[in-house]
Amino acid sequence: MKIPSLYFFFFIQIAIILTIAAPSDDEPCKNGYLIEMSNHIECKCNNDYVLTNRYECEPKNKCTSLEDTNKPCADYARCLEDPYKDNKSNFYCLCNRGYIQYEDKCIQAECNYKECGEGKCVWDGIHEDGAFCSCNIGKVINPEDNNKCTKDGDTKCTLECAQGKKCIKHDVYYMCGNDNSGSGSGGGGGGGNSPPPSSGNSTLSLFNALNIVFLIAVIYII
């Protein structure tokens, strides 16, 4: 293989890692902590923070004044002003582009009408079947029930925790913490929860590991 080709693959691999790789020790889930369900990993926000995407939490705004406009006011939602209602300014939360309101929360538009049972719908833009179900820990996909989370089963934790931490089941998801972490509330991608004691923020996907090995090999050859 020619040297220019090696450099080309080198930079392509770096681009892939930076754009689609899940968070790791070098990409923390700021203002929250990583959780894992059966088919995906995402952030769960601390109190008074909300999700702006699967891996970012920002401060929650009350959405009561002009200062709050265009700022996060709920998971996947921003504050807007309606100056024409009742002849005075009114403020409301509107789901971000790509999300729609379902009951009292914003969900990905691709998940509209997608029933998952004991889990949640996820769309990552990569899964070949489009929107899919990610189950609460203790449940797995049931092929005989439209791939809903209605079958009992085990899911192996793939979170790589920081030194001194271990992967534990906390309510209906996995996280990094101590064995004596109390039971939490909610599961999946909701915000508004404080992290249990000693929660960790790191994960290392198999994809990242393989790319690191590839990069080391390329550098050695060069």
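Note that Cβ sites are derived from N, Cα and C of the backbone, with glycine treated the same way.
The disulfide bond recorded by Swiss-Prot for Cys116 reaches one of Cys95, Cys133, Cys135; that cysteine is Cys133. Per Swiss-Prot, the N-linked glycosylation site annotation among the candidates Asn87, Asn201 falls on Asn87.
Take the candidates Cys93, Cys95; Swiss-Prot pairs Cys73 in a disulfide bond with Cys93. The closest partner of Cys135 (disulfide bond) among the disulfide-bonded residues, by CA position, is Cys73; the full candidate set was Cys63, Cys73, Cys79. Long-range Cβ contacts of Cys133 (disulfide bond) within its own chain (separation 6+, distance under 8 Å): Asn39, Lys114, Cys116, Gly117, Gly119, Lys120, Cys121, Val122, Ile141, Asn147, Lys148, Cys149. Taking the C-alpha atom of Cys79 (disulfide bond) as reference, the shortest distance to any of the recorded positions Cys73, Asn87, Cys95, Cys106 belongs to Cys73. Between the CA atoms of Cys111 (disulfide bond) and Cys73 (disulfide bond) there is a gap of 21 Å. Long-range Cβ proximity for Cys106 (disulfide bond), meaning a same-chain Cβ under 8 A and a gap of 6 or more residues, is found for Ala74, Asp75, Tyr76, Ala77, Cys95, Asn96, Tyr99, Ile100.
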